[in-house]
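*Asks:* According to Swiss-Prot, the protein has these features:
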type: MOD_RES; residues: Pro3; note: N-acetylproline
type: MOD_RES; residues: Lys14; note: N6,N6,N6-trimethyllysine
type: BINDING; residues: Asn123, Thr173, Lys177, Arg295, His327, Ser379; note: substrate binding site
type: ACT_SITE; residues: Lys175; note: active site, proton acceptor
type: BINDING; residues: Lys201, Asp203, Glu204; note: Mg(2+) binding site
type: MOD_RES; residues: Lys201; note: N6-carboxylysine
type: ACT_SITE; residues: His294; note: active site, proton acceptor
type: SITE; residues: Lys334; note: site 'Transition state stabilizer'
Amino acid sequence: MSPKTETKASVGFKAGVKDYRLTYYTPEYQTKDTDILAAFRVTPQPGVPPEEAGAAVAAESSTGTWTTVWTDGLTSLDRYKGRCYDIEPVPGEESQFIAYVAYPLDLFEEGSVTNLFTSIVGNVFGFKALRALRLEDLRIPPSYSKTFQGPPHGIQVERDKLNKYGRPLLGCTIKPKLGLSAKNYGRAVYECLRGGLDFTKDDENVNSQPFMRWRDRFVFCAEALNKAQAETGEIKGHYLNATAGTCEEMMKRAIFARELGVPIVMHDYLTGGFTANTSLAHYCRDNGLLLHIHRAMHAVIDRQRNHGMHFRVLAKALRMSGGDHIHAGTVVGKLEGERDVTLGFVDLLRDDFIEKDRSRGIYFTQDWVSMPGVLPVASGGIHVWHMPALTEIFGDDSVLQFGGGTLGHPWGNAPGAVANRVAVEACVQARNEGRDLAREGNEVIREAAKWSPELAAACEVWKEIKFEFETIDYL
């Protein structure tokens, strides 16, 4: 370690304020396999040098504070401090750069996303010397990821539980999202599952409101999926949202879902919090429940290019905290999602080993070792004409979820489900026969519609529907 950056008690205490870069900017540092690495997009205030801003991020997210303190001499800062070890400019942005920071593993509690984020994305994001700060990516070493349980079950176990292979799974969010009685809600669930969907879903807003208390909804939905299973011979599921105002209430709802014998529950992991989510994920593994995760509130955190946190970081955090599904955008629907960026974090959710690839926004090679993968869920403004693109973009290990694209069918809920099931089966068959879905997708749908009146009606209704807006977050 360079003498310039070494801190020893024998040097003696000198009160006052000194530049962060004297202690926390260490370009000669060689990162360790056990370090947690972070890539920050930094926009410093005018007059603040990049090295000082990067060092300030490292300091304020680890051991530093605004002034020298005498208790620095009672510990080894060289062992515990974060280090800004590299800085690179952001192409096309004169006032921005990427600061790379290495954190020693001992700074973080084992198995706690809450503690990890409290440091790395804590008070440093309000630091006055920075105009804006965004966490673009994290490298989680196996020595830390192995302290987490991760997803309750993972992709392969879920397929085995459902006995469904070789195609994307199909879902539907029940609409209107608020206002239905529990019995009418259960009726919609039954019709969608009976029509051919694998899952239906509580909207993230649905908890336990006066128009539909949670226990009534759970009972009617369980009745609906049992009836649909008996009639179709397929295993069905409904994402019963266990999110609640307290952890105790959340667990009470999850326990009741297990007693009903349903296969899957749901949690809003950002509004509910990582501590609650991890607790629920542990319960789900111990009790055989799959766990669907909704990302409500994510755009507040990740949508701005210059400040906040990229969704790929939230995706990694969810994989550690625990979830078998997570919403991941659609690329083609109504919600934000650029193709290369989306495919980058989809790989981070599903794969065991992901190479660094800046063209897809992946700043670090990530090795998840044996941690199970998470199914990405494509949901938001999608319909049957999107099916070829969704099948081509997301592949088999995904959930394609059509809310309005099922319930908005002119003939009703069950025909809407039939249309989606026929469309996905046609796309998978065409792909397996070697056809190019990106080029021939519309023709594949038209051919299938000739022998499926439900699909033909859906194609006619949504033939002009598009969501063509420029993506805000891009590489």
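Every residue, even glycine, has its Cβ placed from backbone N, Cα and C.
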*Asks:* Taking each of Asn123, Lys175, Asp203, Glu204, His327 in turn, which of these recorded positions have a Cα lying within 10 angstroms of the Cα of His294 (active site, proton acceptor)?
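*Replies:* The recorded positions passing the 10 Å Cα test are Asp203, Glu204, His327.
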*Asks:* Tell me, if you would, which residue among Asn123, Thr173 (binding-site residues) has the fewest other CB atoms within 10 Å in the structure shown?
*Replies:* Asn123
*Asks:* Find, among the recorded positions listed as Lys14, Lys177, the one whose Cβ has the highest number of other Cβ atoms within 10 Å in the structure shown.
*Replies:* Lys177
*Asks:* State the Cα to Cα distance, in Å, between Glu204 (Mg(2+) binding site) and Arg295 (substrate binding site), rounded to an integer.
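*Replies:* The separation of the Cα atoms works out to 9 Å.
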*Asks:* Going along the chain, which residues six or more apart from Arg295 (substrate binding site) have their CB under 8 A from its CB?
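*Replies:* For Arg295 (substrate binding site), the qualifying residues are Asp268, Tyr269, Leu270, Phe311, Leu314, Leu318, Ile326, His327.
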*Asks:* Going by DSSP, is Lys14 (N6,N6,N6-trimethyllysine) sitting in a helix, a strand, or coil?
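*Replies:* DSSP call for Lys14 (N6,N6,N6-trimethyllysine): coil, neither helix nor strand.
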*Asks:* Take the Cβ of Ser379 (substrate binding site) and count every other Cβ within 10 Å, whichever protein chain it belongs to.
*Replies:* 25
*Asks:* Could you check which of the recorded positions (Lys14, Asn123, Thr173, Lys175, Lys177) sits closest to Lys201 (Mg(2+) binding site), going Cα to Cα?
*Replies:* Thr173
*Asks:* Helix, strand or coil: which one is His294 (active site, proton acceptor) in, per DSSP?
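*Replies:* For His294 (active site, proton acceptor) - judged by DSSP and reduced to three states - the answer is strand.
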*Asks:* Can you name the residues of this chain that are 6 or more positions from Asp203 (Mg(2+) binding site) yet have a C-beta less than 8 Å from its C-beta?
*Replies:* Thr173, Ile174, Lys175, Lys177, Leu178, Asn241
*Asks:* Over the residue list Asn123, Thr173, Lys177, Arg295, His327, Ser379, recorded for substrate, what is the maximum interresidue Cα distance in Å?
*Replies:* 37
*Asks:* Rounded to the nearest angstrom, how far is the Cα of the residue listed as 'N6,N6,N6-trimethyllysine' from the Cα of Ser379 (substrate binding site)?
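*Replies:* So the Cα of the residue listed as 'N6,N6,N6-trimethyllysine' lies 57 Å away from that of Ser379 (substrate binding site).
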*Asks:* Counting other CB atoms within 10 A of each CB, which of the recorded positions Lys175, Lys201, His294, His327 comes out lowest?
*Replies:* Lys175
*Asks:* For Glu204 (Mg(2+) binding site), what is the tally of other C-beta atoms lying within 10 angstroms of its C-beta?
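*Replies:* By my count, 22.
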